[in-house]
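J.: Quick paste from TrEMBL:
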ACT_SITE  His626  active site, proton donor
BINDING   His626, Asn627, Ser628, Thr629, His630, Asp669, Asp785, Gln837  AMP binding site
BINDING   His630, His668, Asp669, Asp785  Zn(2+) 1 binding site
BINDING   Asp669  Zn(2+) 2 binding site
COMPBIAS  68-87  compositional bias 'Low complexity'
COMPBIAS  104-116  compositional bias 'Low complexity'
DOMAIN    298-345  domain 'PAS'
DOMAIN    544-879  domain 'PDEase'
REGION    68-124  region 'Disordered'
Amino acid sequence: MIISSQPNLAGSATTTTTTTITSAHVSQEGSMPLPLPVPVTIPLPIAGTCNCGAVGVGMGMALGARQCPSPAVDPTTATATPTSTTPGRDSLTRPASESELNVGTGTSGTSSSGGNSRPGHRKSSLALALTPEDEPMDVYQRNLMDLKYPTVLPPNPPLKALLVFHKSDSICEAITAACQRHQLDVTLVKSKEEALDTLQKSYATAQCYHLIIIDARSSKNLDAEHIARTIRHTHGHHLTTIIAVCKKSFFEKDDVLIALLDAGVNRCVAETTNLAMCSVELKQILHSIIRPHNVMSTQQALYTALHRLKEVVLITDDLLRIQYANRATERLLNMRLDEIISKQLEDIFVSDLSTISEQCKNIKEFDGILTVRRKSQEGIPMHVRVVPVACIGSAPTHLIFNFDVPGGQMDFIATLPQPKEAPRGSLHSVRRCSFDVRSIASDGLRRTSLAKLTSLPLEAPITKIINLLSQVQENCSADEARLIDKVLEFLKREGLYSPQMKEIRTDDPIATDLIGALLTGPSVYSSRRSSNDSIIRTGSSTRTAAIVPAKMKSNPIIMELLDESLSWDFDIFKLEEITDYHPLLYLGMEMFRRFDVFATLNIDENVCKAWLAVIEAHYRKSNTYHNSTHAADVMQATGAFITQLTNKDMLVMDRMEEATALIAAAAHDVDHPGRSSAFLCNSNDALAVLYNDLTVLENHHAAITFKLTLGDDKINIFKNLDKETYKSARSTIIDMILATEMTRHFEHLAKFVSVFGGEEPRDHNPQTDEETSILMRRMLIKVADVSNPARPMQFCIEWARRIAEEYFMQTDEEKQRHLPIVMPMFDRATCSIPKSQIGFIEYIIQDMMHAWESFIDMPQLITYMQINYSQWKKYDEQGVNTLAEIMAKQPPVGKMANSK
């Protein structure tokens, strides 16, 4: 395998003495080599040549390459640094000594092509010894950690600099002159928009700016922090060097400099008009930042080579935690990469690893037989070689494992059962959500979950079937049990979970009104308790987004509160108050930052900020419950759930799925009209007519989300996604928003419990895995949507007050307009708030929270739910029924509570 810095690699010719190698052209006798980029020795070697004519990975034994009779190059003298005669590149190289230019035997100081080099091109070459007699005898006795290898030369095109200054003043002119002195091609732009447009055009034309210098002296003229962060999120510029020119007074303020560095700036320099000082500073930047960045860019070639190898390569740290695994490792272990990385090595080996640890601590290689544990299969004995590597210092920091297939069968791994793999570079290759049910469901969850299903006040016929089959399965043979498992898999498909009403106590008006309204359709004047379908005022008007508030960091109180934004005890009402009723904007930006949504969508932060502002503007402040505070609360719960899944190593969502889940949570109730779907149907509202009385509000929320987003390029957060990715993201968002419709609540719950309550692992099936992923996302947003009873008590009571007030307004309007009353119990004159909450928890929340907590392992959900349930019971026993009586016993929460 040959790794070249340019694609036009010609064939190599060998002579009896030397072989001349350049990065762009391997010359034959008498030919003229192309320019050789700057050589820099990097810790990990790449390629080398041996006298048998084979070209292979230069790690040799470390990567398990077949050993040839002689090494590729004398490790002590094989690094040559040629002299550059190109004026603009002197700062990145040094002159080569005569001894460095004459490596090998049979040479007299000239390379095979030295006499024909063209003016302006490097004249040196690297000659590699080809015979074992030319190598020092002790080279074979050295430890592998002491050897040096041929290097992959970094790219070295003419350097380009982009200067972002709002005006061309004396400081800008000095920096421009310094860049020109060092032969940098300089482009000057005067605004953020012009800078981003220039970068996009350079990327489209396969060009690159190596150095970007931003004027950070005044945020009024240019927001350097925002520009730097945006550049980091732009394709092809993650290794671009960014310099911020600051006022001298800034160096006395750590917070200003830290903010710039956190935004992606590599170095902050003080303003000066002294050309000599600018030139010296620039020279240091070229040597200490740009050159290492060029070296780092070669790592992609290394990782690509490793990933394409047929040999199994695995790298751990000194604590035997897996840091890297190539594609062959995935195939051997029958596991995806996200399941392998960060695992302890003992999790994939049956054999004892203590010998490896001891030998590697003493910088000794290990060579022996170990039994590898494949996922859900028997162990396989493998010949394993382990090489310690010290990246820093003398103690080993990493261990390189190379596996030999049994008996040298190169197609052995291909004969093993393999999971279906998505093409690299596609959306599904990021981390497609195909996961093992047993790895995320607690042992015994199926029996307990099925018992819960039996106790539900409603059930679907499919639930009875699953219960009966599970009972039969407990008393049958293994073969029969497997057949029943297959039957159960067929039953876990769409269309088999339509729930029907069980018999409910007729003396319980809460259950009759609430549960009946939730389950049945609009023809029976249904309602639902979810956020997507409740009361709202009439008289919507066209409105535009308000001006985006000042930067969040300008208010330390907001920033301090947002530091706890992933805590389940987060005070959303305090955020509502201190942001002047813009909680969705501030919390949304914080969630997008924490989950790297800007980079995932490849979008500018300001676009996301404008999108959140527009979405929040379309939540109606007149609603006591279904407003932007509720949307922010659901988004916060979604972020907390995603974090918990990650902390538990339950990698069931990739980055795009995390981003779309947060977007769906933010927009799931946008433009809610303040009334339930049943009310809209009963009143022949235009939305009910438009959507044929079917899932009216949820369809409207999803439709208006994309109408607003796609209707204005300034807020289109999807505009930089390719068609396939956008289609998948849109599908996910719509599906999650529609899942909050409560008439299918028990269907989703029954299927979730039956699928994730399995005791036996299932074979990976792409279609089944995708279905379970969809089901998990639906349950995530459903729980987040109605999580109020599982919040701390003061928040639970405030949410109950707000939703009750909305329902009261709907009932008032139904009476006024002589419409059918969807929920008669929500009459402000007769309603008992504790009874409504008790019924809601008993019939809707309790079983769902238990099932979700068993999946995600968040015991605080159950703890708070039980505390709140007990408190509502206590109020009911004490005869505390009205909102006024309840609020009199509670501390005020937020401005709205204070005003009541």
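Every residue gets a Cβ built from N, Cα and C, even glycine.
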J.: Provide, as an integer number of angstrom, the distance between the C-alpha atoms of His626 (active site, proton donor) and Asp785 (AMP binding site).
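T.: Answer for this pair: 11 Å between alpha carbons.
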J.: In whole Å, how far is His668 (Zn(2+) 1 binding site) from His630 (AMP binding site) when you measure between their Cα atoms?
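T.: Per the Cα atoms, His630 (AMP binding site) and His668 (Zn(2+) 1 binding site) stand 10 Å apart.
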J.: So which one is it: of the binding-site residues Asp669, Asp785, which has the fewest other Cβ atoms within 10 Å?
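T.: Ranked by other Cβ atoms within 10 Å, the binding-site residues Asp669, Asp785 bottom out at Asp785.
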J.: Which residue counts does DSSP yield for the domain 'PAS' (298-345) in the helix, strand and coil classes, in that order?
T.: 22 helix, 12 strand, 14 coil
J.: Rounded to the nearest Å, what's the C-alpha distance separating Asp785 (AMP binding site) and His668 (Zn(2+) 1 binding site)? Just drop the number here, would you?
T.: 9
J.: Least buried of the binding-site residues Asn627, Ser628, Thr629, Gln837, going by other Cβ atoms within 10 Å?
T.: Asn627
J.: How long is the line from the C-alpha of Gln837 (AMP binding site) to the C-alpha of His668 (Zn(2+) 1 binding site), rounded to the nearest angstrom?
T.: 23
J.: Expressed to the nearest Å, what is the distance separating Asn627 (AMP binding site) and His668 (Zn(2+) 1 binding site) at their Cα atoms?
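T.: The Cα atom of Asn627 (AMP binding site) is 11 Å away from the Cα atom of His668 (Zn(2+) 1 binding site).
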J.: 10 Å Cβ neighbour count around His626 (active site, proton donor)?
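T.: A count of 29.
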J.: Rounded to an integer, what is the Cα-Cα distance in Å between Ser628 (AMP binding site) and His668 (Zn(2+) 1 binding site)?
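T.: Counting only the Cα atoms, the answer is 10 Å.
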J.: Would you report the average pLDDT that the model assigns to the domain 'PDEase' (544-879)?
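T.: Reported value for the domain 'PDEase' (544-879) is a mean pLDDT of 90.
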J.: Let me know the most crowded of the binding-site residues, choosing from His630, His668 and counting other Cβ atoms within 10 Å.
T.: His668
J.: Max CA to CA distance in Å over the AMP-binding set His626, Asn627, Ser628, Thr629, His630, Asp669, Asp785, Gln837?
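T.: Pairwise Cα check on His626, Asn627, Ser628, Thr629, His630, Asp669, Asp785, Gln837 gives a maximum of 23 Å.
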J.: Between His668 (Zn(2+) 1 binding site) and Thr629 (AMP binding site), how many Å separate their Cα atoms?
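T.: On Cα coordinates alone, these residues lie 12 Å apart.
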